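Visitor: From TrEMBL, here are the annotated features:
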type    : residues     : note
DOMAIN  : 5-123        : domain 'PIN'
BINDING : Asp8, Asp104 : Mg(2+) binding site
Amino acid sequence: MNPRYLIDTNLLIYPLDARDPKKQKKAAEVLLRLAQEGRAALPVQALSEFASVALRRLSPPLEAEPVRLEIERLMLAFPVLPLTAPVVLEALRGVAQHHLSYYDAQVWATARLYQVPVVLSEDFAMGAVLEGVRFVNPLEQKL
């Protein structure tokens, strides 16, 4: 399977975050459509960040068991791309050459090395392209 989209953490968190009902609804719709179409993957980093945010920053924070169940559900819905040593090295190159923060660079590096052409995230300039990887905010742009 060659996914077309790589899903960043923020898109995973919004369906559980009632503080912004508009984003909550839109993110849930986007994830459902992507899961049904089978065109997206998750970097393992997104699952780790999801757990951290859900346990500490959601209001109210979730307990560990519901977080574990949600991660299992995500793993059934989307293939998970592993974090490897080459991804770490490529991320460091992204920091040096493209001035990305390390964790944003790691998402970019995962997409680049696994040949996923589009990253779905709010964290990058909309429509930006870095070495063949395009960044799209699915809450603002149609896929």
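Glycine is no exception: its Cβ is also placed from the backbone N, Cα and C atoms.
Given the structure is predicted, the values throughout are model-derived calculations rather than measurements.
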Visitor: Out of Asp8, Asp104, which has the highest number of nearby Cβ atoms, where nearby means within 10 Å of its Cβ, if these are the binding-site residues?
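Guide: The most densely surrounded of these binding-site residues is Asp8.
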Visitor: Could you break down the residues of the domain 'PIN' (5-123) into DSSP helix, strand and coil, giving a count for each?
Guide: 78 helix, 12 strand, 29 coil
